[in-house]
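Q: Mind having a look at this structure? Questions to follow.
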Amino acid sequence: MHKMRKTLMFCLLLAGICSPVFSGEWKAHVVKSLDALVSSCVVVPCSFTHPGGNLPNSRLRGIWHRHDKWNEIIYNEDNSKILDNFKGRTQMLGHLGQNNCTLEIVDIKDHDNGPFCFRIELVRTEDNEPTKDKFSFVEECVEFNMLPDVPAPTLNHPPTAIEGQPYTVTCSIIHTCPSHWPKLSWTWKTGEIIEYHKDIRSGNWETQSILAFVPEEKDDHSEITCTAEFFGGKTSSKTFSLYVKRTENYNHIIIPTVVAIGTAVIFGLLCIFMAKKYKRRIAELQNQDGSMWNRLSRLSRRIRPDRPAPSRSEQRRSIWSRFSRRPKGDMVDFGHTPNNVTCGADQKVSKPRFPSPKSQPKSYNYKEDLDDGDDYVNTADLNVYGNI
């Protein structure tokens, strides 16, 4: 009894030393569903753990096979064991020594829908033969959703661009093949282009291309196209029209308004000037007409036939009164008497004394004499230097 007990303990200790796989757990993490573009490629993220601890790649062998059909292998490091329609189209991207079992499939066919499962085997170093330590993760398999048509890229941009200000357009595409990024290109020839690749989890990736430029007025209603080219040659594109808004400086409103106001002011001032000028001219004409009318009226009163003409002596007195400035009572003795005038021996005749030009200014108001309606002068009958 004691001997059997010792033998059992020795066997358990030997098994623990020689086969550490019994002390761990086999696990795998595989994305269960992915989109696959026909004729392109797909990458299946995969990771695993095993009870063997950290082993080099030479001690590990990774295999991908169909679900429940271990002999239908789509990937093996031994190419002779792969199905004919998968030869040259699959490869292991991950390093098994780092517990990475990521698989890439290129030139996708419409019947490559799966499901496909991963299997890990521990091998001997000397003969590269598998050991009994192997495990198929049939509960962690991947299926593909076959996409016969290329998805169109997505464009994100402001609805309107402003002239002279930076404008940004983002073109993005979601794919499942990070080993061969889709190529995004633009029909716009100016500006700066920046490209990003982002892991959005569960085997899906997003490629972004950002176009930044400064639009001009001539770019209004121009078309901008983003084209995505996938691995395998398939392409898709998206186009939008660029609407450029003028810079909001209101010059197109202010300048015409100022011009219109200035024109109106100049026209108004010109009208006021012309009105004043014509009013002044009309007033002058009216004054001239009134003066002439007054003169004509006075002249008509002088020559009225119902008024008796002044006598010759009155005409003489009127004429002499205009030229004489001698005060009354100043008499002059001429010393002789004309033949046609009879005077007494002691009679004196008054003679008008003409003023000296030096003593008195030459001013004479002919208007007052003309305004005197009682004076009537007949130059035909008047003899200034006649006999007295």
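Cβ coordinates are placed from backbone N, Cα and C, and glycine is handled just like the others.
Automated prediction, rather than curation, is the source of TrEMBL annotations.
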Q: Out of 286-329, 330-373, let me know the one TrEMBL marks region 'Disordered'.
A: 330-373
Q: Tally of helix, strand and coil residues over the domain 'Ig-like' (148-241) according to DSSP?
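A: Summed over the domain 'Ig-like' (148-241), the classes give 3 helix, 50 strand, 41 coil.
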